[in-house]
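What TrEMBL says about this one:
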type	residues	note
TRANSMEM	B:6-25	transmembrane segment
TRANSMEM	B:37-55	transmembrane segment
TRANSMEM	B:61-80	transmembrane segment
TRANSMEM	B:100-120	transmembrane segment
TRANSMEM	B:140-161	transmembrane segment
TRANSMEM	B:193-215	transmembrane segment
TRANSMEM	B:227-251	transmembrane segment
TRANSMEM	B:263-280	transmembrane segment
Amino acid sequence: MLEIGDLSLRYGQHLALDQVNLRAAKGETVVILGANGAGKSSLLKSIAGMVKPVAGSSIALEGRVLTGRPAHEIVEMGVALVPEGRGIFGDLTVEENLLLGAYAKRARNGESSRRAFVYELFPKLAQRRAQYANTMSGGEQQMVAIGRALMSAPDFLMLDEPSLGLAPVVVTELFATLRRVRETGVGLIIVEQNVKVSLSIADRGYLMEAGRIVGEDTAEALLRDPAVQRAFLGMNTETSK
Amino acid sequence: MIVTAILAGLVLGGTYALIAMGLTLQYGIARIMNLAYGDMIITAAFLAFALYSGAGINPLIGLAIAAPAGFILGYAVYALMMHPLVARAKDRVSLETDSILATFGLLFVIQGVLFVIFGGNYTSYSYLNVPVTILGTNIAANRLLAFVLAVVIGGLLYLALTRTRWGTALRAVAVSPSSAALVGIDVDRQARFAFALGGALAACGGVVISMYQTFTAASGVVFTMKALIVVIMGGVGNVLGALSAGLILGLVETFVATYLDPGLTLAATYLIFLVILLWRPSGLFGRSAR
């Protein structure tokens, strides 16, 4: 269980996160929805240790405190982030990216079977092991990013806008792959603009607005929710009757 | 004559490659532009000289003493001088500016200490100063040894950086510190380690230089500049680039000295530097960290 309690984050005067409460059970897939600037990325960055939340915030994984730990320790504790823009090592090869994905001590046991799994998930990466990551297409780079994160043997994998900048057919493939990742028992926390496809693989979802959580429900309920439909799916429920 | 020039160029180039590898680690990974780098080299050269002429200790043993000493010195300099700058730096540019100013000061501290201990005279010692015949031309055995040492140390480092997870993690910090943290790499620790490793390489370079060159307490700045030129030629953080660019610079300098005029050596060096800065600012080999 990943538990986040009263998480607040400040960038100078700006309150990016305001007392956010959120939880995700092991193996659960949770989607966080919200407009640009609602604080979704800040939330993931706080969990990953890339930014420091204000005092009083609490982030815990299976009861162990993550709050205030540096990013490299968070990985060691079992939470991996695929950041916005992917954050792969462009000047290194696919193989080197995956090698570094398993840098954490927790990842050393079973490294080769995990690598085999990643190459099975993304056969394209297997064909292009020796290729420099920055010479690949956007979809392939996203594969490298997800594969690298999986190599760290995470309990929870967080993805920040994985579909950003990808062609629709690639997005469909990507989420089909994430469904398979989910079946391995890894908890997924996904921040997405693409509401429909992300809710389709999710158990639950949260709605964010101006740094706060303003709603929480099961994925099916959110897909049917008129407010969600109006805000994110571009459907006007008043006139569609 | 051409074989002589090529051999001499390779010897010099091997030394340049060796010292540039250390600077490229410090600049590319620790992100510190160390202007006192050459003075760390000269300190090691004097150490080897003192051990050899004072206590009769073979420079190869001197190397085994100087390399760990250089590592410790680098580590200490990072912990005492650089870490406060790193901690307060807002971004890479401000760290670069601060580190240039700080190491510029360090340069004069080290140089001053060397002047007090060893004076300002040209220093050298005679070790393995016997001719060896290679491809029909004579070369001093100490130069040959200097080249072999540069190749072995540089080659081992290159293999460690490219063939192991440990080395790949160091290069990953050069490529992207923020992404490195996301795979569990302690970027601070790697930076400290890279800076210390750079110190060890500077020390190796210093001992190697002392085997076949004369040097003074004021020579440091020359080696800083040469190493910097090679680093920029090879691409910052690019170890293979530093190796190749070092050899190229050594060959060019020797050829200019042999066929044009020895007085034009420095001019040729800086001409290459200018041309690369203007046309290939990311280095001859482009990408970093390969």
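Just so you know, glycine gets a Cβ as well, placed from its N, Cα and C.
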Contact between the transmembrane segment (B:37-55) and the transmembrane segment (B:193-215) (at least 3 Cβ pairs under 8 Å, separation 6+): yes
Long-range neighbours of the transmembrane segment (B:61-80), counting only residues six or more past its ends (CB under 8 A): 26, 30, 32, 36, 40, 43-44, 47-48, 51-52, 106, 149, 191-192, 195-204, 206-208
Intrachain residues whose Cβ lies under 8 Å of the transmembrane segment (B:100-120), provided they are six or more past its termini: 32-40, 42-43, 46, 49, 77, 81-82, 85, 216-218, 220-221, 224
Contact between the transmembrane segment (B:140-161) and the transmembrane segment (B:227-251) (3 or more Cβ pairs under 8 Å, separation 6+): yes
Long-range environment of the transmembrane segment (B:193-215) - Cβ separation under 8 angstroms, sequence gap at least 6: 11, 15, 18-19, 21-23, 25-26, 28-30, 32, 34, 37, 40-49, 59, 62-63, 66-75, 77-78, 82, 122-125, 127-128, 140, 142-143, 145-146, 149-150, 153, 157, 170, 173, 223
